[in-house]
Every structure is written in structure tokens, then in C-alpha cells.
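TrEMBL lists these features:
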DOMAIN    10-210  domain 'YjeF N-terminal'
BINDING   58-62, 124-130, Tyr135, Asp153, Ala251, Gly315, His366, Asp433  (6S)-NADPHX binding site
BINDING   Asn59, Asp120, Ser156  K(+) binding site
DOMAIN    218-492  domain 'YjeF C-terminal'
BINDING   Lys403, Asp404, Ala405, Arg406, Thr407, Gly432  AMP binding site
Amino acid sequence: MEEIVTGKQMKELDAYTIETMGVPSLVLMERAGLQVFESMKKEGLPLSKVLVLCGSGNNGADGVVIARLLFLAGYQVHVCILGNPEHFTKEMKTQIEIGRNYGISFVKTFCVHEYTTIVDALLGVGLSREVSGLYRETIEKLQDFSGKIAAVDIPSGIDADTGAVWGCAVRADLTVTFAYKKAGLCLYPGAAYAGKLLTADVGIYHKDKRSPELFACTDRELKKLTRKPDGNKGSFGKVFLAAGSREIFGAAYLSGQAALRSGAGMLKLCTPKENRGLFTCFPEAMLALYEDAADMENLVRENLCWADVAGIGPGLGTSPQAERLLETLLKYADKPLVIDADGLNLLKGKEKLLKSCKAPVILTPHLGEFARMTGISVKEWKKNPLTITKETAKKLGVLLVCKDARTIISRGTEETCINLCGNDGMATAGSGDVLTGLILGLLAQGLSPWEAACTGVYLHGKAGDLAAEKKGRAAMLAGDILEAAGEILKEL
Ligand SMILES: NC(=O)C1=CN([C@@H]2O[C@H](COP(=O)(O)OP(=O)(O)OC[C@H]3O[C@@H](n4cnc5c(N)ncnc54)[C@H](OP(=O)(O)O)[C@@H]3O)[C@@H](O)[C@H]2O)[C@@H](O)CC1
Ligand SMILES: Nc1ncnc2c1ncn2[C@@H]1O[C@H](COP(=O)(O)OP(=O)(O)O)[C@@H](O)[C@H]1O
Ligand SMILES: [K+]
């Protein structure tokens, strides 16, 4: 997994490295500047004439280092320092003095069109208020700039914790962030302002390995998924999935296929009797058919005995049968239960039943479903997604997967997972059904609910990226994500 930090945590780590480990602040800064300089070259930014815009804090001081390194390498470079000299940090004063000794050019005014690349070192993780005055005017001027922009640590104007824009912000082509990704670079809109995001090691260190509060999955988590050579279909797990309705059949098919494609041994689909004929195209699935609400109790209890994991929701509809099915599952489930789509819509008013469920419950709402379920608007969630997801998970006593361009996963504890892969091609009908199936498949193979949710979302995102590569973001279908998930697991 990859740790992600807030601005405050980053400042604490900086301070620890400097004060406890004894690494001078200027050493960290030199490494930071060098990493940005090297990245700009490696990424092929046009460096024939560069302007470095610096603020009065240490982000600005990094900027002066970058200007010096460019100057020494023979590039034409100008530095413009904004901000009140009375507020310069001690490192900033030192860097200006060193820069003067080398003879780099400091300018007071500039015309953006003269430059091929601009380095944004105005504001870093120390941004503390709305951007106004000269900083704002300067950031607005960059909107007309047709060259490339490289941001130091974080695009100026982006909140390091939430990704929100403080009045206005720099739209970078490249952001080189130090030591850890900042939460604000992972959440939208900050993620969009960052452009290509690189994380650079500058020597930040902490003796005590803390478990991260916020993290993203990486391929390392996927590589933990192994098959047992002597396993059988029982040992790879049995999935019971209540999905599909008279009107909708495809969702059950996609979800069920995803459960099997992610490696589950057996699948039983619980669906209305009149759907029987439709499933001839899905011979791998067993069927548990129901006719009316009265059938439910025995059917659910028998199948819960058989299954290792249960899911409900994709294409389920909101009929009285569907509602009864959900209630019965909540009443009797003693194995992990995943609730998605219409299962979530039917949950409204059933908080008590949900809380009394003996099984670990995973809810996978997209933001519309989340808003209907909780009364918290999409706008409100987007302002503070990490905290709201955590508090809602805690309040409901569930593991919550809030699906969005950056899906957030919480079980109400201190640790939160954010997914950094995937793309807008995944905003296509049935994509969420595939995710439900993947999580079920991983649960069936023995992953804990937390591992299955975090790894399942990551696998889904990776599969979305592979599908986009093959079919294009506009043309890809949920079925392509499903197929790609299988290919990714094969590559492991
Ligand atoms: N040695 C280290 O620790 C290392 C640190 N590193 C680097 O340091 C950066 C953090 O530096 P930092 O803490 O000095 O904060 P920074 O982001 O420069 O901003 C603070 C300044 O901005 C000002 N200001 C704030 N809001 C404003 C607004 N809206 N509009 C206008 N001004 C505003 C604020 O002004 P004041 O409140 O004093 O008026 C203050 O002067 C970090 O991102 C990384 O790049 C790396 O080199 C690695 C080693
Ligand atoms: N812009 C995006 N970037 C990355 N992932 C996305 C984006 N839009 C949607 N997704 C992902 O696609 C899936 C859509 O799920 P959902 O809305 O439930 O689809 P459906 O109900 O049609 O099955 C979610 O996992 C979501 O995180
Ligand atoms: K910056």
C-alpha cells in the first residue's frame, strides 16, 4: 500500500526529520529542488526559457533552489518572488542569498508569453487562507500561458487535505510532490489541477513505522491473491447472489460473472422464476428461483447455510419480493454480506435491522445512492469525503465503499483507503455491478471484508484502465472491465 498524508502530517514528518533525526532543513530542500529539476528534464518540459514564481515560505525557497540548478545547467531562467519580505522564512532568506551569489536573475515583473515553462513555487502545504491580492492576480495570469507548468509539491491554491480550490489555483502539467502524496492531490478537484503526479524521495524519515491513516492500494495487494494448487471449487468459496428482476437481467449476469472471474469456486444466483430462460447463456451459475415474497425465509436460510458469502442488489428492483429478500438476508446472514444498487435503495428506514445484522456488511453506494440512503447531499460529501465516509460507516456499523472518480473506503476506524486508479470510461452502465461481483469473489476466497473491499476496488480500477487502453474510454463497456479483470489476475 502507499501512504497518503495531510498537510499537517507532512509538516510533522518534516519537523521530525529535521529536529529528531538532525537532517538540516536546507539538505531536504536541496534534494527537493534537485528532484523537481530532474523530473522536468525527464518529462521533456521545454526548458529554453523558464520563469520560477516563488512565494515567501519554504515552497518558494524550493523554487529558488530549482532556479539555481537550472542556471547552473545552462538554462535561461528568471525568478520572481511574490510576497512580503518580512514574512520570508529563514530558509528563503538563505536561498535568495545563495542565488544572488551565483548571479541568477531576479525579476520584479514579467510577461508570461516570454517563457516556455513556468515553475509554480508560490504556495505549498502551508496554504492557510483564500488566495487573494498579488498571488491571485499572478495565478490568474497563468490561465493565458500556453507553455508548460510544473508545480512544486502541490499546485498553488489547492488545499493539501481536501483538494478544494482556495479561490483560485494553478493548473499544472506536472506536479512533483515530496515524500508522500498529499490527500488534496488524490481528491478532486485537486487531482485534476495536478496534471501528471510524481512522488519524489527527499529523505523524510520516521523511526516508528506507523500504520497510515490514509492509503491507496498498489499491485502489492493484488499480488497477495494466490491460488492453492490442491484447492477445489468448495475451497475457493461459494457465492450466493440475489440479483436481477423481471425487468433487469444483465446486472445479475455481470455481477455473477465477476464473482467467478475473480476466482470464486461456485455461484448461485437468486432471481425471479420467470428469469429462468435468460440464464441459459450463463451455464456456470446455479439458480435459486423465487416466485413471491412468501418463498423467501426457507430459500434464504438454506442458501446461507450453503454459501460462504452473500450479496444482494444488482438489478434487483424494489418490488415487495426484493424488499422481503433484503430483510430476510439481514435477519439471518452470519457470513459477509455485500449490499449494492437496489439493495441500498431498499435500505432506507431499515437502519435498525441493518445494525442488528450479525454478519459484517459491506455497502457499495455510488454518490446518488449514498445521498438517498443518508440524506447527505453529493455536494456536501464532495466537500469532505474522507470524514463523511468515515462517520457514516461508523454510524451505520458497516464497511462503506463510496464509489466515485476517487472511491473512498472506510469501516469507521482511523484508517481510510482511497482508490487512485480507474478512469471516466468506467462511468458506464453495469460497471458497479462488476465491482460487487469482484468483491464477492475475493470474500469467497477468504479475504477479510476490509481486504476484499480495498483490493476489489483497486482491481476494478486497474481493469477499467486496461479496458480503456484496449477499447477507448468512450467505447468501453462494463463487460470489457469484467474481461480485463480476468486478464489482470492472469498477469499476476
Ligand atoms: N524543510 C522543510 O520543512 C521542507 C519543506 N519543503 C517545502 O516547504 C513547503 C512548506 O513550506 P511552508 O510551511 O513554509 O509553507 P508554504 O507552502 O511555503 O506557504 C507558507 C507561506 O505562504 C503564505 N500564505 C499562506 N496562505 C496564503 C495565501 N492564501 N495567500 C498568500 N500567502 C499565503 C504564508 O504567509 P503568511 O501566513 O506568513 O502571511 C507563508 O509565507 C512544502 O510544500 C515544500 O514545498 C520541502 O523543501 C522539503 C523540506
Ligand atoms: N470518472 C471516473 N473515474 C474513475 N472511476 C469511475 C469514474 N466514474 C465512475 N467510476 C467507477 O465506476 C463504477 C460505477 O458504478 P455504478 O455507478 O454503481 O454503476 P452501475 O450502477 O451502472 O453498475 C464505480 O466503481 C465508480 O467508482
Ligand atoms: K506550489
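Placed from the backbone N, Cα and C atoms, the Cβ positions cover glycine too.
What's the neighbourhood like for these features in this structure?
Neighbour density for Tyr135 ((6S)-NADPHX binding site): within 10 A of its CB lie 23 other CB atoms from the protein chains shown.
Cβ contacts within 10 Å of Ser156 (K(+) binding site), excluding its own Cβ and spanning all protein chains shown: 29.
Listed in sequence order, the residues of the same chain lying 6 or more apart from Asp404 (AMP binding site) and placing their CB within less than 8 Å of its CB are His366, Leu367, Pro385.
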Below 8 Å Cβ to Cβ and six or more residues apart, same chain only. Which residues does that give for Arg406 (AMP binding site)?
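In sequence order, Cys186, Leu187, Tyr188, Ala191, Pro385, Ile418, Asn419, Leu420 meet the Cβ cut-off.
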List the same-chain residues at least 6 positions away in sequence whose Cβ sits under 8 Å from the Cβ of Val125 ((6S)-NADPHX binding site), in sequence order, or say none.
Gly7, Met10, Lys11, Asn59, Asp153, Ile154, Ala160, Lys182
Same-chain residues six or more away whose CB lies under 8 A from the CB of Ala61 ((6S)-NADPHX binding site)?
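Listed in sequence order, they are Met29, Cys54, Thr89, Glu91, Met92, Thr94, Gln95.
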Provide, as an integer number of angstrom, the distance between the C-alpha atoms of Tyr135 ((6S)-NADPHX binding site) and Ala405 (AMP binding site).
30
Grab the pLDDT values for the domain 'YjeF N-terminal' (10-210) and give me their mean, rounded.
97
Taking the mean position of the Cβ atoms of Lys403, Asp404, Ala405, Arg406, Thr407, Gly432 as the AMP site, which residues outside that list, in the same chain, have a Cβ no more than 8 Å away, listed in sequence order?
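Close Cβ neighbours, site residues excluded: His366, Leu367, Cys402, Ile408, Asn419, Gly422.
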Looking at the binding-site residues Asn58, Asp120, Ser128, Ser156, Gly315, which has the shortest Cα distance to Gly432 (AMP binding site)?
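Looking at Cα distances from Gly432 (AMP binding site), the smallest one goes to Gly315.
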For Lys403 (AMP binding site), write down the residues of its own chain that are at least 6 apart in sequence and whose Cβ falls under 8 Å from its Cβ; none is a fine answer.
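Correct list: Thr364, Pro365, His366, Leu367, Gly432, Leu435.
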